[in-house]
Amino acid sequence: MGVENVSVVFKLYCLTVMTLVAATYTVALRYTRTISAGDLYFSTTAVCITEVIKLILSLGMLSNETGSPSRLKKALVEHVLCSPKELLKLSVPSLVYAVQNNMAFLALSNLDAAVYQVTYQLKIPCTALCTVLMLNRSLSRLQWFSVFMLCGGVTLVQWKPAEATKVQIEQNPFVGFVAIAIAVLCSGFAGVYFEKVLKSSDTSLWVRNIQMYLSGIVVTLIGVFVNDGDNVLEKGFFFGYTPWVCFVVFLASVGGLYTSVVVKYTDNIMKGFSAAAAILLSTVASVLLFGLQITISFASGSFLVCISIYLYGLPKQDTSKVI
């Protein structure tokens, strides 16, 4: 689907919201895991609640799309109750996304928000590789060059990670990096898998989301039981929840859904600019909130990552001109 012809003002609005959501979610999650006062909440329950809210929002969007309660009921019966194979098919990305979301919490418990934001851009080469293998698409030479440049930039960032002086908890950067590595692998595979499922039929995006989130709720509930079952039974499902934690859950819930809606109004260059701006905002916030100390390797690596994101988003027909 091509980018729809809308006003520049609306595109800028989309760009601004995507940037703020990405940056704010990362910084707020980092804050709740390292700075926020009070007892630490269970990240598995936050991931589960996020899936529930996404399901409710998707039901609302499907209701608006169908236009009447009877049509909504018919769509749910046809595509959910009477389609066990489709539910099973969508359980694959549900499981992968559940792992990805839990890894984000683990990563941001051990790495600064700015370092996380830069390193997480490894999802671009991972998604590119999955696109080539699973959708039989090709990348331009400039895109391959930008992929290697991005990997080089992330290497510089991780070579001597910037340290945050205001974080009092014990952190393990290696664990954080491994968590991000798992998260980007999950992001690349699940995103391309879901795109392939969407393009395999004319089923509504919101129906597909409902199928995926139903499976996601089951998967994340199992995760709560396996990882924090005893503690949840003892202290409660919402133990340690503060307004900041609720804000993180809210951003995680609406952020993905909102992005999936507005992406069709923006092109790859704008999305690349949004990612670069989110890195800049996360860095500034990390300096102010967490006392992040910028190093030369971090600054150089972040610059390379931002440039590579821009180059990756350039249209293929412009490749020869750029080279």
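Just so you know, glycine gets a Cβ as well, placed from its N, Cα and C.
Annotations in TrEMBL come from automatic prediction, not curation.
Source: prediction; values computed, not measured.
Database features, via TrEMBL:
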TRANSMEM  6-28  transmembrane segment
TRANSMEM  114-135  transmembrane segment
TRANSMEM  142-159  transmembrane segment
TRANSMEM  174-194  transmembrane segment
TRANSMEM  206-226  transmembrane segment
TRANSMEM  238-261  transmembrane segment
TRANSMEM  273-290  transmembrane segment
TRANSMEM  296-314  transmembrane segment
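Panel annotation: around the transmembrane segment (142-159), residues 115, 118-119, 121-122, 124-125, 128, 177, 297-298, 300-305, 307-309, 311-312, 314, 316, 319, 322-323 of the same chain, lying at least six beyond its termini, place a Cβ under 8 Å from a Cβ of the stretch. The recorded stretches the transmembrane segment (114-135) and the transmembrane segment (273-290) share 3+ CB pairs below 8 A when only pairs 6 or more apart in sequence are counted, and are therefore in contact.
Across the candidate stretches 174-194, 206-226, 273-290, 296-314, the maximum count of CB pairs under 8 A to the transmembrane segment (6-28) is reached by 273-290.
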